[in-house]
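S.K.: Below: one structure in structure tokens.
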Amino acid sequence: MGCLGNQLLIALLLLSASGIYCVQYVTVFYGIPAWRNATVPLFCATKNRDTWGTTQCLPDNGDYSELAINVTEAFDAWDNTVTEQAIEDVWNLFETSIKPCVKLTPLCITMRCNKSETDRWGLTGTPAPTTTQTTTTQASTTPTSPITAKVVNDSDPCIKINNCTGLEQEPMVSCKFNMTGLKRDKKREYNETWYSRDLVCEQNSNETDSKCYMNHCNTSVIQESCDKHYWDAIRFRYCAPPGYALLRCNDSNYSGFAPNCTKVVVSSCTRMMETQTSTWFGFNGTRAENRTYIYWHGRSNRTIISLNKYYNLTMRCRRPGNKTVLPVTIMSGLVFHSQPINERPKQAWCWFGGEWKKAIQEVKETLVKHPRYTGTNKTEQIKLTAPGGGDPEVTFMWTNCRGEFLYCKMNWFLNWVENIQNGSRWTSQNQKERQRRNYVPCHIRQIINTWHKVGKNVYLPPREGDLTCNSTVTSLIAEIDWINGNETNITMSAEVAELYRLELGDYKLVEITPIAFAPTSVKRYTTTGASRNKRGVFVLGFLGFLATAGSAMSAASVTLSAQSRTLLAGIVQQQQQLLDVVKRQQELLRLTVWGAKNLQTRVTAIEKYLKDQAQLNSWGCAFRQVCHTTVPRPNDTLTPNWNNMTWQEWEKQVNFLEANITQSLEEAQIQQEKNTYELQKLNSWDIFGNWFDLTSWIKYIQYGVLIVLGVIGLRIVIYVVQMLARLRQGYRPVFSSPPAYVQQIPIQTGQELPTKEGEEGDGGGRGGNRSWPWQIEYIHFLIRQLIRLLTWLFSSCRDWLLRNCQTLQPVLQSLSRTLQRAREVIRVQIAYLQYGWRYLQEAAQAWWKFVRETLASAWRDLWETLGRVGRGILAIPRRIRQGLELTLL
């Protein structure tokens, strides 16, 4: 029996241990390298010290390094919050830099315009026949010889005098109109000069003047600029708020969409970028390399082509001549600006420098090699073409030159690049367009279609004097059109937003998620409280902990403590740096569009930090890098591979369980707090003074009442049990007998009758022939078996303990003897140490006495010597006096 008991006990212990070990619990890890896509506002940084740079962006310190991480991530230039924010922000910059501020429909009245000018520019009827038109008619009927291409360079004389072949005067019309000014009862005549494209005139009128009006008078959302602002390219970069990061696809084959980019780097800011606003071309971009590459939309034929910077492609624009701008007061507070012309100026124009033909040929060769392209492989069948029609910003190349909006007719340039001098494209052009030149005519407009939103703005006339701007052409905005199987058109596009998809399309914004859950076999143990680690941390930078993003979960978990401290310190450091530059940027208090955006960025950073800390605190995991819990694992089928799986991969698998795990952790923490509260209430019994508290006496009264009620109830239960026991013996109380009840007296043989009346109640239990009822006997049997079982357990345990004690007795005796010998050795050594210590004390005292006496004797001798020397010195005058006296005597 003893051996069997031991075996059962061992088996029970093994089963308990295996059961505890097999149960896995949720463990919270803080500081893991994982992230998810985010859409929070970014803030900008720039080195520009102009008005815009100080009011819109934070100062840029240029210290933004990148860190390579061994992960695979998806990138999309068109479905990208970074590019969308850039497009929206540059539009806001465009609006605030050239700011329309007065909502009105200006000058929607009939004007009297110069009829000769309206006829000349084709506003009223058919233009008068000219030599140019005659030549056009002849050209359409008779073949002409090939036209020699006209190419100009920087040293060409026509550039200096603005007299290159084909350039004409600006198409402008002088008009007069009467309008009520400040005095409503009096009208005043005004003179105004308009671009011909901004006017609509009555056709075939026989009057001396043409009746014209603005062609946008029926547009209700027209705004006039309240002041002339300077617009120029501005370089800036985007930065992520603290707690967020920017991933970049560093693959040279990236073409705007990559579901599995394996070369990923992480940084806190993007590269520098330019504020570009133009159609057809991108200017001064930062993505130009010594190669041509194409970003292609994943679901359409929209492309943005980065040109090879080796060919040094440039565009230089000029607006010659002088203008005089005068204000026209419409009413109080509303002023419209007119531009009377002193002398008819030459029209604006742009010329293109660099090896354009080689660059376009390389674009065609790159297009043929692109995996999305399915057209002809013959580059001579791929043509660079202009759009068919639409807004002026589409049909013309639209750009901004020092705050002025240029619309350039690009037929000459396309004919020159494609070397077109015959064919359908050549014959479809009018005579003026049939030229092959590396420069194009342009015109300036005041009424502009907005490029980001539907609407129109009215801006001030151009500045006086010459306007010149130089730009580097870095990209083409185009759509790839397959005409048929043998021909492909690269059609220039007016999608200004594509420029920023090229600049920032290889970035994506992610939110660092340092909190993760994973199952472990360790259960939370109760502690008195969380203790902070107060050791200093060498801050490696906020993004340093992401270096382990490609490592296995086990390797990353080993460094969680340092990573989490680096993460927290990095977030705080980022916030401090952001706060410092905001303090230096005093103009931020003006809260411009981007100023408010920068302020919102700091608020976002603080919210994220507080959110993470509050979440950890709600789970009881504050200030812990690895926090074990009492929550069982919710899904047994998901088990992490600690050696071959990264934290990012594990997070993707268990993302759907996050809500349930979070709720379970909060419930477990609430229950633990309740248990802690109940346990703390028991601590009040430790202090004897709390026993005499008034609130305690009220509880004592309650306890007393409950005890009295319990005693009364117990007495009632005992009485009922006794009555039932008597009934089981065959007796019933007299007061409860029914009327027809006749008490039966049992006949007892061989015994005397009872002599006392009081013995009648006990006579039923004294007969020799009486026995217990079978229920009572069964209960006694169970009690006897239970007593035997307990006796056997007691004896077995006692024997087992005795055997173990007998087994351990020699070991204990040997241990006792060893301890005794060790005690003797220690006692002897302590005695030696005490004797040596006393000897050292006596030696030190003797040495100190000797030193003291020696120093005292030396001091006395020195003092006597000094005294004698002093007295001798003091006696010198006396000796001299005595000598003199003796001499005189």
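Using N, Cα and C of the backbone, Cβ positions are placed for all residues, glycine too.
This is the feature table in Swiss-Prot:
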type	residues	note
DISULFID	Cys44-Cys57	disulfide bond
DISULFID	Cys101-Cys226	disulfide bond
DISULFID	Cys108-Cys217	disulfide bond
DISULFID	Cys113-Cys175	disulfide bond
DISULFID	Cys239-Cys269	disulfide bond
DISULFID	Cys249-Cys261	disulfide bond
DISULFID	Cys317-Cys350	disulfide bond
DISULFID	Cys401-Cys469	disulfide bond
DISULFID	Cys408-Cys442	disulfide bond
REGION	120-145	region 'Disordered'
REGION	536-556	region 'Fusion peptide'
REGION	599-615	region 'Immunosuppression'
TOPO_DOM	726-889	topological domain 'Cytoplasmic'
S.K.: Name the one residue among Cys249, Cys261, Cys401 whose Cα is closest in three-dimensional space to that of Cys44 (disulfide bond); these are the disulfide-bonded residues.
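M.R.: Going through Cys249, Cys261, Cys401 one by one, the Cα closest to that of Cys44 (disulfide bond) is Cys249.
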S.K.: Highest Cβ count within 10 Å among the disulfide-bonded residues Cys57, Cys108, Cys269: which residue is it?
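M.R.: Comparing the disulfide-bonded residues Cys57, Cys108, Cys269, the most crowded Cβ belongs to Cys57.
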S.K.: According to DSSP, collapsed to three classes, what secondary structure does Cys108 (disulfide bond) have?
M.R.: coil
S.K.: What disulfide-bonded residues in the list Cys57, Cys108, Cys175, Cys442 lie within 10 angstroms of Cys401 (disulfide bond), counting C-alpha atoms?
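M.R.: So the list reads none.
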S.K.: With every protein chain in view, what's the tally of Cβ atoms within 10 Å of the Cβ of Cys239 (disulfide bond), excluding that atom itself?
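M.R.: So the number of other Cβ atoms within 10 Å of Cys239 (disulfide bond) is 25.
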S.K.: Are there any residues at least 6 positions away along the chain from Cys350 (disulfide bond) with a Cβ closer than 8 Å to its Cβ? List them or say none.
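M.R.: Same-chain residues close to Cys350 (disulfide bond) (Cβ under 8 Å, separated by 6 or more) are Met315, Arg316, Cys317, Arg318, Leu406, Cys408, Tyr439, Val440, Cys442.
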S.K.: Sort the disulfide-bonded residues Cys57, Cys239, Cys261, Cys269, Cys469 by C-alpha distance from Cys108 (disulfide bond) and give me just the closest.
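M.R.: Closest recorded candidate to Cys108 (disulfide bond) by Cα: Cys469.
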S.K.: Can you give me the same-chain residues 6 or more apart in sequence from Cys469 (disulfide bond) with a CB-CB distance under 8 Å?
M.R.: Arg316, Cys317, Cys401, Arg402
S.K.: Between Cys175 (disulfide bond) and Cys269 (disulfide bond), what C-alpha distance do you get in Å?
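M.R.: Here the two Cα atoms are 53 Å apart.
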S.K.: Return the residues near Cys249 (disulfide bond) by Cβ distance under 8 Å, restricted to its own chain and a separation of at least 6 in sequence.
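M.R.: Same-chain residues close to Cys249 (disulfide bond) (Cβ under 8 Å, separated by 6 or more) are Glu73, Phe75, Ala258, Cys261, Lys263, Val264, Asp506.
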S.K.: I'm checking region-level scores; what's the whole-number mean pLDDT for the region 'Immunosuppression' (599-615)?
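M.R.: The answer is 68, the mean pLDDT of the model over that range.
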S.K.: Look at the disulfide-bonded residues Cys261, Cys401 and tell me which residue has the greatest number of other C-beta atoms within 10 angstroms of its C-beta.
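M.R.: Comparing the disulfide-bonded residues Cys261, Cys401, the most crowded Cβ belongs to Cys401.
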S.K.: What Cα-Cα separation, expressed in whole Å, is found between Cys269 (disulfide bond) and Cys57 (disulfide bond)?
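M.R.: Rounded to the nearest whole number, the Cα-Cα distance is 13 Å.
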S.K.: How many neighbouring Cβ atoms, not counting its own, are there within 10 Å of the Cβ of Cys442 (disulfide bond)?
M.R.: 26
